[in-house]
Amino acid sequence: MKSKLSRNSSGVTEFILLGFRTAPAIQILLFLFFLLVYVVTVVGNVSMIIVIRMDARLHTPMYFFLRHLSYVDLCYSTVIAPKTLANFLSHEKKISYNGCAAQFFFFALFVTTESILLAVMAFDRFSAICSPLLYPVHMSQKVCAQLVTGSYICGGLNSMVHTGFTFSLRFCGENHLDHFFCDVSALIKISCVDTSVNEMVLFILSALIIVTTTTVILVSYAYILSTVLKIPSTHGRGKTFSTCGSHMATVTLFYGTVFFMYAQPGAISSPGQNKVVAVLYTLIIPMLNPLIYSLRNRDVKDAVRRVLHRK
């Protein structure tokens, strides 16, 4: 019944993901590139989750949030990469209507969750550095669990709104998506009805999430910077900046690409640029995050050595 309703309301039963329209030889190179990036992403994020789970010294709020960040990175890259890899080797490049809706929903869920988690991690660093005596109270185990749960709930609510609005559109038989996954910009572009409300909802919700979370991040780091500059020890300042620097690098990469994609007027109208930027935040950023946090973080590097030595 659900499939029948989907078919009747949309006019299509499947979509064709056009992806990167290049020569066959380039398609093979792109397949190898995407495969390499995805393998590194899986290995890096799974390793981060295992190391944090196994090493008792990393059972702190900061690494609790980092473990969930790795999980979210792993999930939203997995929502996109396997289907994209399969399409590189296929002539049909099809995805069912319901499969497209599912991919869209889970991708929006995990991307939104990541943006909120990054703000939570900034607040965690603010509490640890600016209010160290109250830190155990501000970031108790219960509070950490509530913050992470809230991040997933907000991600789910935002995803449900976007999925509901997007898949209530009619496509009138047009089913060729100029993208490598079911992204909102490509779906809106092929709709045969007025999409101004959808575009407005996309812009407002994306801007609301980005403005709210970036405000938390910027205010947190303003206080952190003010506090760190008062530390007399150069070594103490360096260690604090190193820890916060990893987070700021991740924030800059993630929010820069998401803002470019969704939170600026007219973002829908440039499919070529959107595909390039989409590669960054669907594949490259999830791959880089564990590298950024492990290479710049002595605690993680020491934990990896302890885990390997234990084996």
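Quick reminder: no glycine exception, Cβ is built from N, Cα and C everywhere.
The domain 'G-protein coupled receptors family 1 profile' feature in TrEMBL is assigned to 44-293.
Long-range Cβ contacts of the transmembrane segment (28-52) within its own chain (Cβ-Cβ under 8 Å, at least 6 residues beyond either end) map to 20, 22, 58-59, 63-64, 66-67, 70-71, 73-74, 77-78, 81-82, 84-85, 88-89, 283-284, 286-287, 289-291, 293-294, 300, 303-304, 307. Summarising the annotation, TrEMBL assigns transmembrane segment to 28-52 (among others).
The transmembrane segment annotation in TrEMBL covers 64-81 (among others). With a threshold of 8 Å between CB atoms, the same-chain residues lying at least 6 positions outside the transmembrane segment (64-81) that come near it are 34, 37-38, 41-42, 44-46, 48-49, 52-53, 103, 106-107, 110-111, 113-114, 117-118, 120-121, 124, 144, 147-148, 151, 180-181, 250, 282-283, 285-287, 289-290, 293.
The transmembrane segment annotation in TrEMBL covers 101-123 (among others).
The transmembrane segment annotation in TrEMBL covers 200-224 (among others).
TrEMBL lists 245-264 (among others) with the feature transmembrane segment.
Residues or ranges marked as transmembrane segment in TrEMBL: 276-295 (among others).
If you take every residue in the domain 'G-protein coupled receptors family 1 profile' (44-293) and average the pLDDT, you get 86. For the transmembrane segment (276-295), the list of distant contacts is 34, 37-38, 40-41, 44-45, 47-48, 66, 69-70, 73-74, 76-77, 80-81, 107, 111, 179-181, 183, 246, 249-250, 253-254, 257-258, 260-261, 301, 304: same-chain residues at least six beyond its ends, Cβ to Cβ under 8 Å.
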